[in-house]
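The structure under discussion appears below in the form of structure tokens.
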Amino acid sequence: MQITKTLVATLFAASTAFAAPTPADKSMMAAVPEWTITNLKRVCNAGNTSCTWTFGVDTHLATATSCTYVVKANANASQASGGPVTCGPYTITSSWSGQFGPNNGFTTFAVTDFSKKLIVWPAYTDVQVQAGKVVSPNQSYAPANLP
């Protein structure tokens, strides 16, 4: 009986030793400089049915691209999702979240260069963009590779 247990244990140990190797994890972070979103501001009309975002996308590898991005809604455009909008080589979309409670809302953009298969997700709090002020300092984001 003891020899049977030993043989079974040896077989289990041998089978795990020869199992197929697990592939290494692959980083999806791109080997390019961070992208800087420059001079971003949001201006909403008095009825909050339209908000215009203006900003630049600077990859530090080409001339910066200026973007004007308008989000329209029947109400609360400052909290509405928007896009897609094309700005030069980029496709821009956005979504607002209030997940952290009252007065802690924020908007996250997806800035995608499909030709280079790169994306960044810049995010700005409602406080940063209130009353049409320009966000300062500019914020930079590490691009990720699209699969």
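Note that Cβ sites are derived from N, Cα and C of the backbone, with glycine treated the same way.
Copied from Swiss-Prot, the annotated features are:
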type	residues	note
SIGNAL	1-19	signal peptide
DISULFID	Cys44-Cys51	disulfide bond
DISULFID	Cys67-Cys87	disulfide bond
Rounded to a whole number, how many Å is the Cα of Cys87 (disulfide bond) away from the Cα of Cys44 (disulfide bond)?
20
Same chain, 6+ residues apart, C-beta under 8 Å of the C-beta of Cys44 (disulfide bond), given in sequence order:
Ser50, Cys51, Thr52, Ala77, Ser78, Gly132
Where among the disulfide-bonded residues Cys51, Cys67, Cys87 do you find the Cβ with the fewest other Cβ atoms within 10 Å?
Cys87
